[in-house]
Amino acid sequence: MEMARVRKRSIHLNKLCSLACCRPTPTDEHAQIGQKGYSRVVYCNEPDCQEQIRLNYRGNYVSTTKYTAVNFIPKSLFEQFRRVANIYFLVAACVSFSPLAPYSAPSLLVPLIVVIGATMAKEGVEDWRRRLQDVEANNRKVEVYDKRSCSFRESKWKNLRVGDLVKVHKDEYFPADILLLSSSYEGGVCYVETMNLDGETNLKLKHALEVTSSLHDAEMLKEFRAVVKCEDPNEHLYSFVGTLYYDCQHYSLALQQVLLRDSKLKNTDYIYGVVIFTGHDTKVMQNATDPPSKRTKIERRMDKIVYVLFSTLILVSFIGSLFFEIKTKEDISGANYRRWYLRPDKTTVFYDPRRASLSGFFHFLTGLMLYGYLIPISLYVSIEIVKVLQSIFINQDQAMYDEETDRPAHARTSNLNEELGQVSTILSDKTGTLTCNSMEFVKCSIAGTAYGRGMTEVEIALARKRGERLPEPMPIDDIDSGISVKGFNFRDERIMNGQWVKEPHADVIQKFFWVLATCHTAVPEKTESNEIVYEAESPDEAAFVVAAKEVGFQFFVRNQTSIKLHELDLVSRKNVDREYKLLHVLEFSSARKRMSVIVRNPENQLLLLAKGADSVIFERLSKHGRAFEAQTKEHVERYSEAGLRTLAVAYRELGDNEYRLWEEEFIKAKTSVTADRDVLVDELADRIERDLILLGATAVEDKLQKGVPDCIDKLAKARIRIWVLTGDKKGTAINIGYACSLLRHGMKQIVITLESPEIEALEKRGDKEVTAKVTRQVKSITGKTTLAIGDGANDVGMLQEADIGVGISGVEGMQAVMASDFSIGQFRFLERLLLVHGHWCYRRIAMMICYFFYKNITFGFTLFWFEAYASFSGQPAYNDWYMSCYNVFFTSLPVIALGVFDQDVSARLCLKYPLLYQEGVQDILFNWLRILGWMFNGVLSSIIIFFLTTNSITGQAFRRDGQVADFAVLGVTMYTCVVWAVNCQMALSINYFTWIQHLFIWGSIAFWYIFLMIYGSLPPTLSTTAYKVLVEACAPSVLYWITTLLVVISTLLPLFSYRAFQIRFRPMEHDRIQKRRSEGLEHEHDTAQRLSESPVTRISSDLISIRIDNLKASPRRKNS
């Protein structure tokens, strides 16, 4: 069934926008047309003319991909080899084809190709998705004017050219930057939604030049010829300078005549326009710069650790080459050969006792390749896999799903997951972030009387702060009012249901709501159900119109000359329709801080109706218009303290002669083309907006989001500093701080006033610059991780400047979300994002990286000890393919499982004990002491494995037939001990076992035996030293199994002993929580009290014992 279309009334341009002249003011910039930076020329409706073709402007095809089919391989390879570790392995792979290599080239090339290929494949998939989005956008359809057929035909966006005439219909996106010629409205007005550009959902009003606004049909467009000269392509969304040459006249163009690509036409049936910027020349594409690159502290420290390992690699290679040189030089002593079996008299340059120094240098190069396993080749790709999986878990967390907006949490980047667990300072916007940004009319002051029952959350908090007794504070929402209306939360029986006519100042109340019902630019719409809804430029304005409607002053028609209200007549007490002739609208601006309309009512009275900031309105009151000033100021102050937004409401009657003289000057100023036009218009508006009579004041509430006080309280208990950046008055900001639990009793108030040219310059540039500057200062001075959270376009600078940017997908559009690293639906979800996912991700990544370095040092140093055992000959202890598969198959999956699934405590306990979060802030799990401790453990494990293995199986019978263990058996036994030891160390480190972790840990060990059997069954030319070594030599030998068991237990003892000591005498936060949980949470109160103490007090008073079995918590914890 075809949906009924919403009906819209026409609004004439010169009536709706009295302060926005149809002919924009020529400025100094317009004088630069034709000069550098202002050289673009567009031949309207003549894209095929030779002049236009010679200019050779870009087409409308847009590409946002990073790669193309041609450059993908070289560019992607370049990206991969920007990492130092990958460059090292590439050089080692190249050198492996030479005699210097201690192993075969394929054994190093295959793992390198797997790792690099996996990362390149990931990059390719992500870029392919971007390409699909580009294809969809480029193939959208738009109607383009065809001069031959004098009609519009459909064409793809990518085929548009500069100069094309296009027709865009309602709810369609603009395919390029377009000069507005005319619209379905008589005055050339159209409404545009710019949410994709600046995040604002409020509609923007655009209007065509008066000279082109009459172009309404294809025949008229056939004869249309004009030239546009304007600025060159640039990224400035809020400015445009150009000139239209048409009918031997020139007309100045401004941003009001330009429709930007990716904005949407709303509430207008269609528009006609000329394409002036296409493709990557459009302003939105000029702004499409890559977001700033952010790296976590762990990543930056990991780079330093890699450098440490490189230094270790060079050191052990140097030590090995030094001893090799000494040993080689001793092989010839006069005519005696010490190691005669090496034939030192017939050697190559790689072993030449006569040139021992040169041989030592070549051995150094061999060592650089041999000990390369100290550098974890699969570390980077493993971390990327883990972070992607962590992001999926964040995205699918149902506890962070917002039912109202149907939006889950979304990790827009996976690079910053662990940084969520190290946040020290949060900088938050207020409006739309802590509050709903959904304005509701809740209170008003009329004729010195305050109306509106109930108390706001801020009022209740303020009363408690002052120590006032509130027997039963009645929140506004708890007062029964029948049907709920969006934007209206006003409760007062003196005003509602027509009872206002019985009030002492009923005439003042009538004028008050006249102002609210007429002083605006809102547009009424009738829906299919015949209900009237309003499209307004701001939530405040919509709330005022809705409030007037609910009280009995329903605004239902707006046309080019009048506004109609359905209202209750004060005299007859009946509902009547009244028409107010709309003469002028003096619009609101940030400089004026007020808005006025001039109307003629049915009684033929000329009225100026005004609303604005109280400071601006009060100074414009007449002497006899201040009857209610004192009471109104008192009410305004009270409303402001309650966190409400206030506006003063006033009016005045105009004489016919006064108005006629003013209008002549005003119209003359509007239509002037002088540089001081705007100044003249503002002066004339100010002249008429004088001698006002005060009616009262409004108070609208932007309510706190659900759960904000509890969330802030929990974050504060986690010792996270929270800053709220707001433009409110100091008193209002303080009271809202108490309402949302940001401020507490006993806190010391510090007021810092900064007045400098730099601050003033920032204020002029807007909120975005100020908040970004504050964020930058906080981040640089504290040196700690900062998180910024906001919901609007003005928060983008702050989000990009902070270490982590969190966007709230609220009512101010998606600009903040698009610029953020993580997005959530409500502020309260920040608690779970940080205290649960942040804590888990930090712990998992830190443990994973430490374990990665541990297992590689353990493996690498067994090679070093064996080389020393073999006179530093450069002989590897293991088969080539054993070494190649170590990081890829036998130890990689358990560490990935650790990074994805491990939990020290459950989500419930993370939220119950927020101080646990300090483990990440203080970087307890990834400081240099802990990193060096894991490295030392790796070296210690390698010593235990090598020396216990060699002393256990060498020099005695190994096989049943009495044969001793050879080189192949020693290598397999030692490698088996390494695989068992590092995987069992992983099992000891895991706090929370799942079946996946069991599968990966024990499966990796089992896969080593399976691999050894399969590889050993290949012909000796392929399997070399592994040929049937397990089946025929190791498996039948009891000594092999006993040695493996002895070595693994001995290797685990140091970590086991350290953890036992730590848990008993120096427990960490999660150790204490695990103990309480294992004891059935019998001392929850004591735990909470202890967690609130200082760390020094807790350490000195918490010498408690915790059972080791808590390290392996039951899977039931997941639901605890």
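Cβ from N, Cα, C; glycine included.
Whatever TrEMBL says is automated annotation, not expert-curated.
Annotation source TrEMBL lists active site, 4-aspartylphosphate intermediate at D429. TrEMBL lists D429, K430, T431, E541, F588, K611, R645, T726, G727, D728, N794, D795 with the feature ATP binding site. Per TrEMBL, compositional bias 'Basic and acidic residues' is recorded for 1076-1088. Per TrEMBL, domain 'P-type ATPase N-terminal' is recorded for 42-103. Among the features that TrEMBL reports, region 'Disordered' is placed at 1076-1095. What TrEMBL lists as transmembrane segment is 305-324, 361-383, 845-866, 881-901, 928-948, 968-988, 1000-1018, 1038-1058.
If you look at the transmembrane segment (928-948) against the transmembrane segment (1038-1058), you find at least three C-beta pairs under 8 angstroms, all six or more positions apart, and that counts as contact. Annotation for T431 (ATP binding site): same-chain Cβ neighbours under 8 Å, separated by at least 6 residues, are N437, D702, T726, G792.
For the domain 'P-type ATPase N-terminal' (42-103), the model's pLDDT averages out at 82. At the 8 Å Cβ cutoff, the transmembrane segment (881-901) and the transmembrane segment (1038-1058) share fewer than 3 close pairs (sequence separation 6 or more) and do not count as touching.
Nonlocal intrachain contacts for the transmembrane segment (968-988), taken as residues 6+ away from its ends with a CB within less than 8 angstroms of a stretch CB, comprise 851, 854-855, 858-859, 862, 866, 877-879, 882, 886, 890-891, 894-895, 898, 941, 945-946, 948-950, 953-954, 958, 1001-1002, 1004-1005, 1008, 1012, 1025-1026, 1029-1030, 1033-1034, 1040, 1043-1044, 1047-1048, 1051-1052, 1055-1056, 1059, 1111-1112. Within the same chain, residues 83, 85-86, 88-89, 92, 95-96, 100-103, 108, 111-112, 115, 118-119, 302, 306, 309-310, 312-314, 316-318, 320-321, 324-325, 349-350, 845, 848-849, 852-853, 856-857, 859-861, 863-864, 867, 872, 874, 876, 883, 886-888, 892, 895-896, 899 sit at least 6 positions outside the transmembrane segment (361-383) and bring their C-beta atoms closer than 8 Å to a C-beta of that stretch. Around the Cβ of R645 (ATP binding site), the number of neighbouring Cβ atoms within 10 Å comes to 18. Its Cβ taken as reference, N794 (ATP binding site) is surrounded by 24 other Cβ atoms within 10 Å in the chains shown. Broken down with DSSP, the domain 'P-type ATPase N-terminal' (42-103) shows 27 helix, 3 strand, 32 coil.
Taking all protein chains in view, 27 other C-beta atoms sit within 10 angstroms of the C-beta of D429 (active site, 4-aspartylphosphate intermediate). Between the CA atoms of F588 (ATP binding site) and D429 (active site, 4-aspartylphosphate intermediate) there is a gap of 24 Å, rounded to the nearest whole number.
Residues 298, 302, 305, 309, 316, 320, 370-371, 373-376, 379, 382-383, 386-387, 417-418, 875-878, 886-887, 891, 895-896, 898-899, 902, 925-926, 930-931, 934-935, 937-939, 941-943, 945-947, 974, 978, 981-982, 985-986, 989 of the same chain, all 6+ positions outside the transmembrane segment (845-866), place their C-beta atoms under 8 angstroms from a C-beta of that stretch.
In this structure the C-alpha atoms belonging to G727 (ATP binding site) and D429 (active site, 4-aspartylphosphate intermediate) are separated by 10 Å. Taking the Cα atom of each, R645 (ATP binding site) and the residue listed as 'active site, 4-aspartylphosphate intermediate' are about 16 angstrom apart. G727 (ATP binding site) is surrounded by 11 other CB atoms, counting those within 10 A of its CB over all protein chains shown. Note: the Cα of the residue listed as 'active site, 4-aspartylphosphate intermediate' and the Cα of N794 (ATP binding site) are spaced 9 Å from each other.
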